[in-house]
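Each remark here refers to the structure printed beneath this line.
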Amino acid sequence: MGWLRKKKKPKSDIASERGAKLLEELIECCDGKSNPIKFFSADEILKATNDFSDSNFVLRLEVPFKWYSGKNENHPMILIKKDVGWWSGLRVDRLCRDIAVSSMVSGHKNFMKLVGCCLELDYPVMVYHSVKKHYKLEISEQPWKKRMKIAEDIATALAYLHTAFPRPFVYRILSHWNILLDEDGVAKLTDFSHCVSIPEGETFVRVDRDVGLYSYFADNYVRSGLVSDKTDVFAFGIFMGHRLLLGYEYYFEHYRGEEEESEDGFDSLMKRHARNLLSTLKEDRPMEEIADSKMIEKMGQISEQERCQMKAFLKLSLRCTGPSEEVPTMVEVAKELNKIQRSLFNDSSSLSSGQTQLDSAQDISSTVVLSN
């Protein structure tokens, strides 16, 4: 009955099909004007990684990616990202989108520098230039100053995606799983497999399915599949306030065991979470009681300047998740984060209440309604 079995395609045909799809993505994303990338053979990758040996394994950020170190004649240090997930036509599309966008942004300090890829292997890989060691982001281990720096780095990366190209790119899947830290503490955003571009002259695009962490989803994204730059701003606001400052893993961690009060569980959940944060601010509770307890324990004592920074940081995160018409752009968020770090120590009196330039024009209480 062997004749009934589906004949397996030769690897050369598979690589050619993937290459054709990648060319389509390069043309769609950047009119074919991306940074040059090298196509590695399967033998080159296997030799560089010692057949993906355990000794070359570096880290695993999330399913389905594994990262390996390697080297070859032209690159003494490279990082190889291997997708070990189940392969389908949809996954090939995502891989090609990841390669295309990575090739566009690889010159920026907050992205990995793409060298090339290998499409011949059963599980295709992407190859990055790496002169420094890179680590998985473990937020619980980071002190406050480094958390602020991580926030600014990722805000800068997202702002670049939104503004550096003729058509804005929306990242969509922000989470700590997609962030690497190099040995100097510079945060780098990875995995552009779900990036979507907004057509010229438009402010949003509609997608068939939402992807990412449910607790990071903006309202319009969940209800209507509408994606705009504000989709990333909302997710970043959650990442700032809930992960970097408060140390929450997910919304559900904070509300575990509670029953929803309405049929619209998502809407109820989001509004209740916003009210919780707002009441925390209005009650003027000490930051020692609000911020990530692990971080506070390591700090020992919070200075007045650090307390002001944390309050400004939290208020900015609330602005990011506030009413759609008043949500800042990622460029504004990145600038404000830089300001919080640099000028707060020089002008603590003007920011003693944690007020930021972005929230001075509006009562913070209006952020109860999350209408992104």
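Each Cβ is built from the backbone N, Cα and C atoms, and glycine gets one as well.
Swiss-Prot lists MET1, GLY2, TRP3, LEU4, LYS38 with the feature ATP binding site. Taking Cβ-Cβ distances under 8 Å and a sequence separation of 6 or more, the neighbours of LYS38 (ATP binding site) in its chain are VAL115, GLY116, VAL127.
If you look up Swiss-Prot, you'll see 354-372 marked as compositional bias 'Polar residues'.
Here Swiss-Prot flags 1-314 as domain 'Protein kinase', drawing on sequence analysis.
Residues or ranges marked as phosphotyrosine in Swiss-Prot (evidence: similarity to another entry): TYR128 (among others). TYR128 (phosphotyrosine) carries a strand DSSP state (E or B).
Per Swiss-Prot, the feature phosphotyrosine maps to TYR221 (among others); the stated evidence is similarity to another entry.
Per Swiss-Prot, region 'Disordered' is recorded for 348-372.
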